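Look at Swiss-Prot and you will find 1-27 tagged as signal peptide. What Swiss-Prot records for 28-326 is topological domain 'Extracellular'. According to Swiss-Prot, the disulfide bond annotation covers 47-107, 148-202, 247-293, on the basis of sequence analysis. Under the heading domain 'Ig-like C2-type 1', Swiss-Prot lists 127-219. The feature domain 'Ig-like C2-type 2' is assigned by Swiss-Prot to 226-309.
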């Protein structure tokens, strides 16, 4: 009885092993690989066959529409192309992959039992160049708020602000739109007129970019009140010379109108105005006076004055020779004064040190003199004592 039970157990175990082996063999008849593709690119979907015996192979899309039936096209979507069908593998190419193509593709093998594997297709959406929006017009002394936007990415992109190669910390928000994300990064900072025209950069990074960055540069537009400055074409002029006065203007918005006037008088008839230029083709002594240019915009106004002095030929030569010598003379006088001060200090220090030395020397002589006198007096007394005893 015992040998019979042992044989029965062996048959049972062998049957279990055969079933497990058969199940393993069947599970390996078809295999699929998960793939990832960038939106708009081409991707390959593969179904690997094991122990293929010519049975029917069907490839279906995520909504279970049949793409290929045993190598024959079944769906009129020409973006799907069968590129290989052998006893080991079935390969199809999907061109211009879209987000709607994402999902599980079924590799089905019809034998005595139906076996299938799912190849999961993941479509990632890289960001375009980010958009930059400004909340309101910036004015000097105020703040500016800029928002960088990446409206459609998958997975969510990372946005950063940079200025002068230094990152600016901002506030980031994320909004989900179906399978994609909209990302924003906002910054605020104080601005002055010197910031007008400076560049800030918004940078987007994403796994699909493979280490590259998408950037958008924004030129700061900071409005400020105008300034005016008159610059002459030459500083010294004489009767008959030509002179151009230019009113150099800054401001945002830039002033479009420049008003030239003459203090307490009208402009000379010969003077010509061409925008920021006030020209005198031929000067004479009657053109002497104070000239002014005035500009304005919505943030303020500004003006500058220039005193015009027209010399005759002799006066202009004298003025040209006196100005350099006056400057040089002033410099030389200052140097002489400094040298005299230094000499006085040196002499005072020298006299002070010498007086101290003479005082000490005199004190020493007095001491030696007293000692010598005492010695001599002592000698005389001794002689007197000797004479007395004799």
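For all residues, glycine too, the Cβ spot is worked out from N, Cα and C.
Location within the structure of each feature annotated in Swiss-Prot.
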residue : record         : DSSP class
47      : disulfide bond : strand
107     : disulfide bond : strand
148     : disulfide bond : strand
202     : disulfide bond : strand
247     : disulfide bond : strand
293     : disulfide bond : strand
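Its Cβ placed at the centre, residue 293 (disulfide bond) has 25 other Cβ atoms within 10 Å. For residue 202 (disulfide bond), the same-chain residues lying six or more positions away in sequence with a CB closer than 8 A to its CB are 130, 132, 146, 148, 159, 160, 161, 185, 215, 216, 218. Mapped onto DSSP helix, strand and coil, the domain 'Ig-like C2-type 1' (127-219) counts 6 helix, 58 strand, 29 coil. Rounded to a whole number, the distance between the Cα atoms of residue 47 (disulfide bond) and residue 293 (disulfide bond) is 82 Å. Separation of the C-alpha atoms of residue 47 (disulfide bond) and residue 247 (disulfide bond): 78 Å, rounded to the nearest whole number.
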